[in-house]
């Protein structure tokens, strides 16, 4: 069992303890340690208040001081240190109206979402498990701490997180937890779409995504999400892990729609990837020659092309025609990419200025068209990417 990340953080806990306070590892890192999984992020919980943490350590960042969280910078690493706290009544099913700092570990752990995430551990690797989290982990069960209805009423995102954990861990959901989700799923309409998208992104990449996605449908979760609410998501099938962006593109192609993505509040990069995925899926079935393959690899991000090809079963499950494997496969994609004479228009040895001077013509719509013709000629091997050769080819093949 790799304890290196815990050992790297140990001096922080020891320094807090040396000042008379309690300190424990908590949350996902402890859960993953119990499961024998790789540890990623270390979270620390303590009886010390934020002010007391700031007085103990010389380099701190008050990232969420009002909620009890201080970042302690130690050996060039950031560690979240959060004070034991009890939360007051929640507002809009998503955030507490306030927090009260407490000195009792049990009181802090009982406010957490699921039993598997409510285990604390000290520097001697002793576990503090008041809610049978280890037993649920051993039985591969996701169960809320306390009454499920209350946990989901406090923060409706916990329902989506539950399905995300199910997808990632291949756990079952406790019956009472699932039934509470069935009756309260409509409350996710109060959440910001940004928080939902973060969870969906992780859910879609989970090894058990098929079951979790089917639960999203059966629990009618999509009915309460912007963008998805206008679609019949029961017609969409996901059989293996894919990017959320690819899912959205599959939805667009399946229903032949061009709905605005603005309600999802995605990044520009995500929107760009979705649009490329759509174009890739629409282009794939028609690629039957090597020249078409060259232009396809040139025009689109090969990582996205590969993602679509690897997801062939998902496309098939949604009645979307895939690629011709003899022409388009992972090997031919890599070989074609390696042999391309150039990878974007910036590599081309002529530009608009050179063309206008050579043809003694003013700028106009013709210019974009001619540059594209040259691009195609170079990529498909009809002319070498040298200025003199390109201009000869233009003289022989282009009319404006």
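FYI, residue positions are counted from 1 along the chain as it appears here.
Placement of Cβ uses the backbone N, Cα and C atoms for every residue, glycine included.
For the ATP site, Swiss-Prot records 28, 31, 155, 158, 161, 164, and the single candidate of 103, 112, 182 listed with them is 112. Ranked by Cβ neighbours within 10 A across all protein chains shown, the binding-site residues 41, 43, 155 are led by 155. Across the residues annotated as binding CTP (28, 31, 112, 155, 158, 161, 164), the widest Cα-Cα separation comes to 21 Å.
Distance from the CA of residue 41 (Mg(2+) binding site) to the CA of residue 155 (ATP binding site) is 23 Å.
Annotation for residue 158 (ATP binding site): spatial neighbours 113, 114, 144, 151, 152, criterion Cβ-Cβ under 8 Å with sequence separation of six or more. Relative to residue 43 (Mg(2+) binding site), the binding-site residues with Cα atoms inside 10 Å are 28, the candidates having been 28, 31, 112, 161, 164. Rounded to a whole number, the C-alpha distance linking residue 112 (ATP binding site) with residue 41 (Mg(2+) binding site) is 17 angstrom.
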